[in-house]
Amino acid sequence: MKPVIALVGRPNVGKSTLFNRLTRSRDALVADMPGLTRDRHYGEGRVGERPFIAIDTGGFEPVAKEGIVAEMAKQTRQAVVEADVVIFIVDGRLGLAPQDRVIADYLRKTGRRILLAVNKAEGMKYTAVATDFYELGLGDPRAISSAHGDGVRELVDEALDLAFAERPELAEAAEGHDHGTRIAIVGRPNVGKSTLVNALIGEERVIAFDMPGTTRDAIYVDFERNGKPYTLIDTAGLRKRGKVFEAIEKFSVVKTLQSIADANVVVLLLDAQQDISDQDAHIAGFIVESGRALVIGVNKWDGLDGHARDRIKHDMERKLQFLSFANVHYISAKQRTGIGALMKSVDDAYAAAMVKLPTPKLTRVLQEAVEFQQPRRAGVSRPKLRYAHQGGSNPPIVVIHGNALSNIPETYRRFLEGRFRDAFQLKGTPLRIEFRTNKNPYAQSNE
């Protein structure tokens, strides 16, 4: 599991600038989730070898009672609940404001680990920066510059140290859960995740490990199906009640990101009785950016007539065309129809994600593709694609070496992706292609 860091402060102190700097440290998964709020954003960042989830909040005015300001305060409180560590950001140039005192009073009562960051401190002496803010009673102020990066690495390192000290299970959560293929079932509220979970595991045969804590904790459920072991990473909110498991439909961006990151295969569940929403597309975007194998389940299919079925298929083609690599299954979790075929696709997708791609065959497929269609000339020279090898798995990465590869158009990259997919039957997994211009064994002989 990844630690969660919430950025909190009054308006215009530089929270979003810090958020962008943190999540830009890798390919950020940034969620501006319609239906949740426009004022709470989630992203993934990394410092060294330590990944984390950051939450950017709107300007916090905890005493607001109504209107958009009150809604922003509500969203900030929720971010604090989800966080392991809160970074409270104040403005070093404007100094201590009455609103800072109110926010500090609120944060002290939450029981969360709090780090006080004085932003916009570039060019200022530390004593001048810190003096005003000691009275907030939140420990030593940390001087930073979100815009220039001064002090940011040290701040985040300290936040992560606190998170792991507070909750050692963050580092240990996934250990001991290699029971089988790890599956995350994700989707917006009320699409039937809990019903599908129950259909897969059955209440009486489930062996679960329920970590103490809050809604940001993941639950791992080991089960078997047709003799094969699996581990389900809960996003539907499974909670043990006696000997029975009750599934609670509750959407959490943090839990969804955590589950996708921990999974081998993600099942994206859609509601056949509703149009594809922006929220569906955002969740799908998380999955693709994370590189996870994917199977799509369209639930509640049994209650639709032919016209409605055609409508949802057309809607998917229009809004989720970037998921064309994934198998789609039309199921009824309630009636337990279509689930066997869906699980076969889960197995196939995981196998595709972990496939070994021999260099000779990769290079042969590449050469055949180039013979069929050469890339367009870019400037004075035409790109020359020499050879290919596998650069990683889960998802598979194909590294192509050659000359003048910096201007390969996206259309040609997609063409090559299709050729590799067909040759290796890669269904259900993203496929990444990297172009590298460097020395290779063929360079002198072919020039």
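Backbone N, Cα and C atoms are what each Cβ position is placed from, and that goes for glycine too.
Features reported for this protein in Swiss-Prot:
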type	residues	note
BINDING	9-16, 56-60, 119-122	GTP 1 binding site
BINDING	187-194, 234-238, 299-302	GTP 2 binding site
DOMAIN	3-167	domain 'EngA-type G 1'
DOMAIN	181-354	domain 'EngA-type G 2'
DOMAIN	355-439	domain 'KH-like'
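Shown on the structure are the features that Swiss-Prot records.
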residue	record	contacts (Cβ under 8 Å, 6+ apart)
LYS15	GTP 1 binding site	LEU7, VAL8, GLY9, ASP56, THR57, ILE89
ALA121	GTP 1 binding site	GLY92, VAL129, ALA143, ILE144, SER145, ASP150, GLY151
GLY187	GTP 2 binding site	LYS193, LEU268, LEU269, LEU270, ASP271, ASP280, ILE283
TRP301	GTP 2 binding site	ALA272, ARG309, TYR330, ILE331, SER332, THR337, GLY338
Conformational class of TRP301 (GTP 2 binding site) under the three-state DSSP mapping: helix
Largest tally of Cβ atoms lying within 10 Å of a Cβ, found at which of the binding-site residues ASN12, THR57, ASN190: THR57
Residue distribution over DSSP helix, strand and coil in the domain 'KH-like' (355-439): 29 helix, 24 strand, 32 coil
Stretch-averaged pLDDT - the domain 'EngA-type G 1' (3-167): 79
Length of the line joining the Cα atoms of ASN190 (GTP 2 binding site) and ASN12 (GTP 1 binding site), in Å: 36
CB contacts for GLY9 (GTP 1 binding site) [other CB atoms within 10 A, all chains]: 25
